[in-house]
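Reviewing the structure listed below.
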Amino acid sequence: MPLLDSFKVDHTKMPAPAVRLAKVMKTPKGDDISVFDLRFCVPNKDIMSEKGTHTLEHLFAGFMREHLNSNAVEIIDISPMGCRTGFYMSLIGTPDEKSVVKAWENSMQDVLKVKSQEDIPELNIYQCGSCKLHSLDEAKQIAQKVLNSGIGVMNNAELKLENL
C-alpha cells in the first residue's frame, strides 16, 4: 500500500497551532487543488475534545469559506483529522499560508461570537449523523486556545521524514 503524504512528515516536530501546505496537485484540466494541514494541537501531546471538534466542523467550514473564498480560491472541504489534532482543508487554487492564517484567525473569532447551540448550522437529525455530539462551549475553548497561542506556518523541509 502506498504511504500517504500525511505520514511522510515527522509529527514529533510539528508546532501547533500552525498551517502546512500538505500538497498541490493539478486536475486533468489544469486547475490547482491545494491541501492544507490546519494543526490545532501538537500531535501526541494534546487533542481536541470529541464534541468540540464536531461543533467546530459545523462552524469552521462556513466561516473559512466566508474569509478565504474568492475569484481565485474555492474551498472544497474542511474535515477533522481522525487523530483530533487538526483539520484538513482541500481547495481549488493556491492561497499563500498567510492568507490561510488570517482566515483561520478570523474564523476562530467568529466561533467565539456564536451565541447558542441553536446557532450551529445543520445541527438537526436530518443533516447531522451525530446531532447530540456537540458542545459550543468546548468549540469556543478550542478557538480561544488557538487565538491565545497564535497561528504559525510549518516548513515541510524541516518536517520531512528521512529514508522514505
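Even glycines carry a Cβ here, placed using N, Cα and C.
Binding site for Fe cation per Swiss-Prot: HIS54, HIS58, plus CYS128 from the candidate set CYS83, CYS128.
A 10 Å cutoff on Cβ-Cβ distances gives HIS54 (Fe cation binding site) a total of 23 other Cβ atoms nearby, all chains included.
There are 17 other CB atoms within 10 A of the CB of CYS128 (Fe cation binding site), with all protein chains counted. Taking a C-beta cut-off of under 8 angstroms and a sequence separation of 6 or more, HIS58 (Fe cation binding site) has the following same-chain neighbours: ILE120, PRO121, GLU122, LEU123, CYS128, HIS134.
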